[in-house]
Amino acid sequence: MLLAIDCGNTNTVFSIWDGTRFLATWRTSTEHQRTADQYYVWLSTLMKLQKIEADITDVIVSSTVPRVVFNLRVLADRYFNTRPMVVGKPDCALPVAVRVDAGTQVGPDRLVNTVAGFDLHGGDLIVVDFGTATTFDVVAKDGAYEGGVIAPGVNLSLEALHQAAAALPHVDISKPQRVVGTNTVACMQSGVFWGYVGLVREICARIRAERGTPMKIIATGGLAPLFQQSEDLFDHFHDDLTMHGLTVIHDYNMRTA
Ligand SMILES: Nc1ncnc2c1ncn2[C@@H]1O[C@H](COP(=O)(O)OP(=O)(O)O)[C@@H](O)[C@H]1O
Ligand SMILES: CC(C)(COP(=O)(O)O)[C@@H](O)C(=O)NCCC(=O)O
Ligand SMILES: [K+]
């Protein structure tokens, strides 16, 4: 079975894939100090608790934080006796082309999202991922990654207000009832929520205009459903888009090896 690991700047997600479905998915905070032994204690405890009897033979990793990859490699080697595939490394092939400026290190999560979006919906897509940063990935007709947009994440924007202004509290995002806030928290939520609705609409409209072609908008990330609620921003939402992409890339490498 395959252990797929998606490490973002905030959270790291582990999923076990049996070839047809995910048996379980667990989430931990991303900390580069965490050792292979710590990962294994955490993972094996959860597997026992949920009575998951998985014989893990393969590991694939996508990490936006380069420093955590070392310990994840040790985890794969020491506890699963396998060399992990690491997205973005030369020995991990991608089923799609990457057409960006020479020397650009595209975030592996964006490449994985591109592969997943193309597998599920074909080409001409904009994939929006609401992570630490909000990324827009442009997927060409043939599935190639052709660049995109990076914007500050929703929680990062709220946190930046709190950090920089003495009188602004820590606030969680939610959809405000009204645009005009009558207290500080409501004002901040309004700025970020409606500002974000505008950001997503404007960026997608401009991408479509720049490329002169209709493009489907695919969304992923924990905060996407909040924006989808009443605003018609996306054509499709997939909770596990990145995980799906990791299974496709793993499969591709097994078949072409
Ligand atoms: N379902 C959710 N509801 C509210 N906040 C969420 C949810 N899922 C993730 N978040 C928050 O969204 C931000 C991005 O999280 P995540 O998508 O895990 O980022 P990354 O992939 O960059 O690690 C974090 O601040 C996280 O706490
Ligand atoms: C843009 C990102 C920080 C998003 O990371 P995330 O929010 O998933 O943690 C990551 O994809 C990254 O570090 N990219 C490198 C630069 C690039 O993609 O062009
Ligand atoms: K992500």
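Just so it is clear, glycine is given a Cβ too, placed from its N, Cα and C backbone atoms.
The candidate list Thr132, Thr134, Thr135, Thr182 contains one residue that TrEMBL assigns to the ATP site with Asp6, Cys7, Gly8, Asn9, Thr10, Asn11, Thr12, Val13, namely Thr132.
For the pair formed by Pro108 (substrate binding site) and Asp6 (ATP binding site), distance between Cα atoms is given as 9 Å, rounded to the nearest Å. In sequence order, the binding-site residues near Asp6 (ATP binding site) (Cα within 10 Å of its Cα) are Asp109, drawn from Gly107, Asp109, Arg110, Asp129, Thr184. For the binding-site residues Thr10, Thr12, Thr132, Thr184, the ranking by surrounding Cβ atoms (within 10 Å, all protein chains) places Thr12 first.
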